[in-house]
Amino acid sequence: MKLRYGKRWTCLLLLCLATVIFAQEDEEEALVEDSSEAEEEMAEIDSDVSFQITYKTPVPTGDVYFAETFDKGTLDGWQLSKTMKEDAEDDIAKYDGKWEVEPLKENKVPGDMGLVLKSRAKHHAIAAWLKKPFIFQDKPLIVQYEVNFQNGIDCGGAYIKLLSAADNLDLEQFNDRTPYSIMFGPDKCGEDYKLHFIFRHKNPKNGDIEEKHAKRPDVDLKKFYTDRKTHLFTLVLSPDNSYEVFIDQSSVSKGSLLSDVVPPVNPPKEIDDPNDEKPEDWDERARIPDPEAAKPDDWDEEAPAKIPDPEVFKPEGWLDDEPELVPDPKAKKPEDWDEEMDGEWEAPQVPNPVCETAPGCGEWKPPMINNPVYKGKWKAPLIDNPNYQGIWTPRKIPNPDYFEDLHPFRMTTFNAVGLELWSMTSDIYFDNFVITEDKEVADRWASDGWGLKRLVASANEPGVFTQLTMAAEERPWLWVIYILTVALPVGLLVLFCWPRKSDYDYAHKKVDSPCSQEDEDADEEDEGVVEQEAEAEKAHDIGMKDTDEGSQGTGEGPKQTVSRRRVRKD
């Protein structure tokens, strides 16, 4: 009974879930219809945009060192490099890669423009001056911009460089050797997806410049390079030497300039003495062969590892003189066979028909087994080396180049931003550059630019079923998962809700034609008779003796009483 009710509750639950799903689908369809009606009422817009939006060129809400939207449709304020790359071949050494200002290919926002790297397999370089130099003192640095790999990315980068301020800095001569203070942004080579944060540190002792690389992000970067969506890259650098990197306003990496960069900013206090050499008698062997051990007399180093099995014999009827393969007697030399060109003709080999009825043909050899007396080359057992002195290391001496810089944040001032890139993929989109010292200013700037792009991309995404189909086209094995996902609930529904034959019969037996009042009265009378019989039987068992005495006067014996009771029962 409990199982039957459990099945009913299961069926009811499945029906409720189905009702909710269908209700949601109807609601979504209604929303789509309402949206369609609203779109029809709006003015005509670009055919690539799925709904009407109002776009206004972002305006900084606070003080900024640099801000660029490219919405004017020109490269005003930007300078193309006219120099040559020094360590490249002549045919590709020139920075002649083309740049254009144009909207996105997909999910475009009407009125929004961006800087697009148009060429492939070429060097590109373009730069612009800041409104004012950024001096690393007591204010944080926030660098933010958008990137969209519209055609994916095979090999190349989309990072920017903050060019170090100098009297001789010429943006027309901007190249890969131009000094920079910070390099930041995405890069890919092969299957290695990177997000660079590199700063150039000046040695306070000798003035040497060395690049310091921040640790790799803790997330998988591949999706940001392959989904062909616009992503927001943000670097926050604080005067307390902490840094944090964001993608789409989510933190992917953070650390300290003092402890989370390679190589470290500060060198070690001590180094190995370059003049210290290991003594000739220094013994680094922890264990050595036992010098007192000797090879046993019965040790045979020449014994083979495998020997013929002595318990296996050649089967009777083995044809030693018959080859396993013979020339095909049915083969004929082709008419166009030229022995001078093709060589002497030989018929192809076929299995020897004589061997079909024999245990085997050719030279018989017994199978090989492991030699039970094989021991191999003898080696003396190892013992602890009594002269072991440990692994030798040179002694430590004070590092003559040691220094301690507790403020690596105070880098070289920069006054320009540039993109110096090589890419095997074209149409890399850049937009909405901002450099400021206020994170809130950068966040508001992002909401006015990147926020709208994300909204449009989300609205234009295909439905769930379309996404599942597209995923299965790339990975056919997903169809198996889809089928199992659908078949499992259907199977459970059939298993728990389909009536069994016993349940069906029980239901029909339970629901018979309505009984008449006379039948009900008869049933009540029968129940009363049964109760009377039970009382009579009890009285019969207790007072059998009295019953026998009473029967002598009435002429009725116990048998007659039982007979009367049976008649009443019938």
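Heads up, the Cβ atoms here are built off N, Cα and C, so glycines get one too.
If you look up TrEMBL, you'll see 273-283, 517-534 marked as compositional bias 'Acidic residues'. Among the features that TrEMBL reports, compositional bias 'Basic and acidic residues' is placed at 284-297, 535-548. Taken from TrEMBL, the feature disulfide bond covers C155-C189. If you look up TrEMBL, you'll see 256-336, 511-570 marked as region 'Disordered'. Residues annotated as signal peptide in TrEMBL: 1-23. The transmembrane segment annotation in TrEMBL covers 477-498.
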Residues that sit under 8 angstroms from C155 (disulfide bond) by C-beta distance, when 6+ apart in the chain: K188, C189, G190, S423, M424, T425
Tally of DSSP helical, extended and coil residues in the compositional bias 'Basic and acidic residues' (284-297): 0 helix, 3 strand, 11 coil
Neighbouring C-beta atoms (10 Å sphere around the C-beta of C189 (disulfide bond)): 12
